[in-house]
Number of protein chains: 2
Amino acid sequence: MEPIKNLSRLSRTLGYGFSNIDLLKQALTHRSASNKHNERLEFLGDAILQVVISDALYHQFPKVTEGDLSRMRSTLVKGETLTEIAKEFNLGDYLFLGPGELKSGGFRRESILADAVEAVIGAMYLDADIDTCRKLLLNWYKKRLQEIKPGVNQKDPKTLLQEHLQGFKKPLPEYQVVNVQGEAHNQTFTVECRVQELDGAVTGIASSRRKAEQLAAAQVLEKIKS
Amino acid sequence: MEPIKNLSRLSRTLGYGFSNIDLLKQALTHRSASNKHNERLEFLGDAILQVVISDALYHQFPKVTEGDLSRMRSTLVKGETLTEIAKEFNLGDYLFLGPGELKSGGFRRESILADAVEAVIGAMYLDADIDTCRKLLLNWYKKRLQEIKPGVNQKDPKTLLQEHLQGFKKPLPEYQVVNVQGEAHNQTFTVECRVQELDGAVTGIASSRRKAEQLAAAQVLEKIKS
């Protein structure tokens, strides 16, 4: 039997009471649990979050370049940040997962949480409108928006590595996917990163090719700077 | 002397009369022409376009998977599509470009046009609101939204190549940036793509690494399928 989830308690934590509670339920439902899962809502929520954060940053930083705005936006909407938000809401306690996923941990679990946050945003948008979403999201992101700053800290490891190498007129790093494991929705990517300065490759493993590249780049940066 | 641009004629073509015509002017101003250029507006417009198209596709295709929705969205918001839209509006006639950019052609020119479309969307959003943008964009995209279909046609060449190789249990293609030329905002990337079935590498050259990879993948696909 499925455990009883207290969705009205979750609504209070989120700061939004759903007219149609089924939308919230769907947003919390992983594809492993039901055909009526949250992936389409996630598609919608991702775009809502992007536009709300873009607008907020645009007005908060009237003098900052597009590059810095983009980097700040990436920081605020990336999976790790969404996972943090999910944990602040104890979203994991409310997820509907199939038996295989109930036990999953590590970045698999983290990415399910991050996806659910986007899906909840999509559900709120459908239940209300974009202005309601905006107010809620600005509240969820209040502290993060207060703390974020333009500048070098926002750059991702691949960008930093590339800039570091270009600064020394070295060739660009080479990334190569050397292994992909698992089925379509639960894959693990192994990426090797090679630079002229290091013998052999440095490996990054993550749930997407992009993340694996970033992990590999971060390690290469540490090695060549140490 | 700068040629006179008939911005009210452009407003009529776009279907929107700006209260603040300076916003439209800024949206048309490339960074080579002035410090008050269009890159921040482009940042904003990109997010607006994404959310409007996401919402439209979500409702137009109630049964379609998130993957197909994402592919259709990519098709509708990608640079090539934006360049087409720019050409429909003769946006090139209204751009403010620096002397170096006036003569540029090829994909450099195309990407300036695509960016300007996003910046115009950002300017409309600031001048009005998201609902006004939505109505206009749905009008701009009317025919494209009528014609778009979920399914295999929306897949990009890299995805198609990967699926083709996986179907034959072959190793994944390898992409490698072999050359980057030009300055920060005007770079040309040369990417090599290698697959087990072909001797030697196939080269793609474009204004971004991602586009160069797609071009290379498309050529590899043609070669191995022919």
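Just so you know, glycine gets a Cβ as well, placed from its N, Cα and C.
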In TrEMBL, the residues B:Asp115, B:Glu118 are said to bind Mg(2+). Which of B:Glu42, B:Glu174, B:Glu183 is said to bind at that same site?
B:Glu42
B:Glu42 (Mg(2+) binding site) has how many other Cβ neighbours within 10 Å of its own Cβ?
22
Out of the binding-site residues B:Glu42, B:Asp115, B:Glu118, which are near chain A, with a C-beta less than 8 A away from one of its C-betas?
B:Glu42
Taking the centroid of the Cβ atoms of B:Glu42, B:Asp115, B:Glu118 as the Mg(2+) site, which other residues of that chain lie with their Cβ within 8 Å of it, listed in sequence order?
B:Asn38, B:Glu39, B:Leu41, B:Phe43, B:Gly45, B:Asp46, B:Leu82, B:Ala114, B:Ala116, B:Val117, B:Ala119, B:Gly122
Long-range Cβ environment of B:Glu118 (Mg(2+) binding site), under 8 Å and at least 6 residues apart
B:Leu41, B:Glu42, B:Gly45, B:Asp46, B:Leu49, B:Leu82
Secondary structure at B:Glu118 (Mg(2+) binding site) (DSSP, helix/strand/coil)?
helix
